[in-house]
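Visitor: Sharing a structure here in structure tokens format.
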Amino acid sequence: MNRESKVFIESPILKEAILNTFKKLHPFLQAKNPVMFIVFLGALFTTWIFFKDLYYGVYSSFNLQISLWLWFTVLFANFAEAIAEGRGKARTDSLKKTRSNIIAKKLVGNKIENVPGTLLKIGDIVICEAGDLISGDGEILEGIASVDESAITGESAPVVRESGGDRSAVTGGTKVLSDRIKISITAEQGRTFLDQMIALVEGAKRQKTPNEIALTMLLSGLSFIFLIAVMSLPLFAEFVAKEGGQSANLSIPILISLLVCLIPTTIAGLLSAIGISGMERLIRFNVISKSGRAIEAAGDIDILLLDKTGTITLGNREARDFYPAKGVDEKYLADVAQLSSLADETPEGRSIVILAKDKFGIRERNLSEMEGEFIPFSASTKMSGVNLKKEGKVVRKIRKGAGDSIRNYLHTLGQKISAELEETIQTISQRGSTPILITEEDRLLGVIELKDIVKGGLKERFASLRKMGIRTVMITGDNPLTAAAIAAEAGVDDFLAEATPETKLKKIREQQAKGYLVAMIGDGTNDAPALAQSDVGVAMNTGTQTAREAGNMIDLDSNPSKLIEIVEIGKQLLMTRGALTTFSIANDVAKYFAILPALFGSFYAVSEVGPLSALNLMKLGSQKSAVLSAVIFNALVIPALIPLALRGIVYKPLGADRILKRNLLIFGLGGMVIPFLGIKCIDLMLGFLGII
């Protein structure tokens, strides 16, 4: 997927944004932003005053220009939001093309019926073959296939989807490139992953986050204070003018202009654009966020919990070798291990079958012909296996599982693991592999080594997270020795071994109780409770449907190291909002000292050069020139900051104190200085052109 746009704003987006800019002038839409609503009402009122005066034969160039620039202020704020929404909508339009009328091959009994994909319901079984579009979200029941997911993820390379394990989920709208798979539909039409993506990336439907609401309330409060202050100015001006034998000349357009310049219009006009663009930047990195709150939380997380299988490792553990117990033939161990795995659809189970076949030429058998009863893996027992029957009676009971589970199983049968095999188990664990034990009846036959493969480049990425102040913890169901070896190889800070869904959930709640924000990355059904509890739950797109529904973010690339980009975007969002708020308030302070001296400089003196004129440090041309210059600057600063609001300020992994000082220097001091320079330049230009 192309992460960076060659053109900052593409032509189709620009055209639609301009159209939406005027559509957003609807009073109902304007009222959603209290600060800009004040500007909107001010523009309406000054426009009404201009036309009222014109009706009575009085033409005021000043009132006309004030009205126009107030309207420009509103339009520029609308344009900023429309551009942010348009960039997200471009992604939505491409997704909607994927959601076409797909004909599904629905399995009814033993027959296949062609039905519209829109009529499929949860639990329906469909068949997809090479060249077919998958008609809806589902889980693969049988088969393995190569799937083109470029319509969803933007990546051209096909991915493998197969039954069993954590790569069984398929997404509606993707295309099967090879083989044949049987799929059980898991989502109703209208609530599929594609439908969710379309709804999530449509900026117009984005809900404000709690921080945005709080900031909006703060800005509204400041605006109310300035409104009271401006309303009191005519009384003050009238009193001062009367004492000095002068007349106050504070017209309503001047007071409205002063109010608009003092309230924080800059951040108010860009606030929605900042939030929408944060979600849009995530989309460009192939991450879908279900809420703006999740992005904000990502910028503040302290601890990252990583599920090992499929997240830190490639997920497909492979059987590498057989280690028979004393007195057991290795070929016999391989034969029994294959029997226990014939009905095991997981990649690990199939690799055991293949290893036995490749090493000893043991061919697969049909369990049903052997009256075999498959015992599926259970998260509570951590064992699976098979019961072989003869004339309805169990004659062979085979089990395979992790060390502790088999150890407990043997203990109930009055048996234990020999010291020799314990040493073998420890050796396998210390090199980062997983030992799987095989038993027949009450006899331990030996150990299978399953090798985990750590994904490349993770160590460096975790080091970057450490610089950001984020602590990484690997969570795995493996024993402590295996977990320690993999944790060291991957470069995480800590690990939690022999974890169950309950212990994952407990770990997250413990850290949250200490005041930490926790992010969890996972892909399996057993990760779902932890993903739901986490402040930031990032589900892998290759994971199960349950995991994707539980998380509040979905990584379409299924790359756990992507969290670095997620964190940076979250921090960018918070820092950009804070920086522009600082800049906006500093602007207001500067405009206050720029305008008021020009307004009241003539008071207390018949010569119109009174004591207060000394405060007019900028030596602006006139009262009207000062007001108009400030209004023009106030309007132009919004489009000038749109690129920064959309791209976000550059984030570097520095300490919080250094970042604060840097932003105060750039946006605080800059926000104080720039208005003085800008207003003075505009004032000189107005004087040169003779507009005032």
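Every residue, even glycine, has its Cβ placed from backbone N, Cα and C.
Note that the coordinates shown come from a computational prediction; the quantities given were computed from them, not determined experimentally.
Feature table excerpt (Swiss-Prot):
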TRANSMEM  35-55  transmembrane segment
TRANSMEM  64-84  transmembrane segment
TRANSMEM  213-233  transmembrane segment
TRANSMEM  254-274  transmembrane segment
ACT_SITE  Asp307  active site, 4-aspartylphosphate intermediate
BINDING   Asp344, Glu348, Phe377, Ser378, Ala379, Ser380, Thr381, Lys382, Met383, Ser384, Lys400  ATP binding site
BINDING   Asp523, Asp527  Mg(2+) binding site
TRANSMEM  592-612  transmembrane segment
TRANSMEM  626-646  transmembrane segment
TRANSMEM  672-692  transmembrane segment
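Thinking about packing and proximity, how do these listed features fit into the structure?
Guide: Through the fold, the transmembrane segment (64-84) approaches residues 9, 13-14, 16-18, 20-22, 24-25, 30, 33, 36, 39-40, 42-43, 46-47, 50, 203, 253, 256-257, 260, 265, 268-270, 272-274, 276-277, 280, 627-628, 631-632, 634-636, 638-639, 642, 645-646, 691 of its own chain, all at least 6 residues removed from its boundaries and within a Cβ separation under 8 Å.
Long-range neighbours of Asp307 (active site, 4-aspartylphosphate intermediate) (same chain, six or more residues apart, CB within less than 8 Å of its CB): Met474, Ile475, Thr476, Met520, Ile521, Gly522, Asp523, Gly524, Asp527.
Long-range Cβ neighbours of Asp344 (ATP binding site) (same chain, at least 6 residues apart, Cβ-Cβ under 8 Å): Gly164, Arg350, Ile352, Val353, Phe374, Phe377, Ser384.
Cβ neighbour count for Asp527 (Mg(2+) binding site): 31 (other Cβ atoms within 10 Å of its Cβ, all protein chains included).
Residues 8, 62, 65-66, 69-70, 72-73, 76-77, 79-80, 83-84, 87, 254, 257-258, 260-261, 265-266, 269-270, 273-274, 277, 280, 576, 580, 583, 587, 591, 594-595, 598-599, 618, 620, 674-675, 678-680, 682-683, 686, 691-692 of the same chain sit 6 or more residues outside the transmembrane segment (626-646) yet have a Cβ under 8 Å from a Cβ within it.
Using a Cβ-Cβ cut-off under 8 Å and counting only residues 6 or more beyond its ends in the same chain, the transmembrane segment (672-692) has close neighbours at 61-62, 65, 586-587, 589-591, 594, 618, 620-622, 624-626, 628-630, 632-633, 636-637.
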Visitor: Give me the long-range Cβ neighbours of Lys400 (ATP binding site): same chain, 6+ apart, Cβ under 8 Å, in sequence order.
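Guide: Result: Ala337, Ser340, Ser341, Met383, Ser384, Gly385, Ile406, Ile436, Leu437, Ile438, Thr439, Ile448.
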Visitor: Short question: which residues 6 or more past the ends of the transmembrane segment (254-274) have a Cβ under 8 Å from it?
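Guide: Sequence-distant neighbours of the transmembrane segment (254-274): 33-36, 38-39, 42, 45-46, 66, 70, 73, 76-77, 80-81, 83-84, 212, 215-216, 219, 222-223, 226-227, 229-231, 233-234, 573, 576-577, 580-581, 583-585, 587-588, 591-592, 595, 599, 623-624, 627-628, 630-631, 634, 637-638, 641-642, 645-646, 648.
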Visitor: Among all the protein chains here, how many other CB atoms are within 10 A of the CB of Met383 (ATP binding site)?
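Guide: Here the count is 21.
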Visitor: What same-chain residues, at least 6 away in sequence, bring their CB to under 8 Å of the CB of Thr381 (ATP binding site)?
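Guide: Within the chain, Thr381 (ATP binding site) has Cβ neighbours under 8 Å at Gly401, Ser405, Tyr409.
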Visitor: Would you count the other CB atoms within 10 A of the CB of Asp523 (Mg(2+) binding site), including those on all shown protein chains?
Guide: 29
Visitor: Across all chains shown, how many C-beta atoms besides its own are within 10 angstroms of the C-beta of Phe377 (ATP binding site)?
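Guide: Its Cβ has 16 other Cβ atoms within 10 Å.
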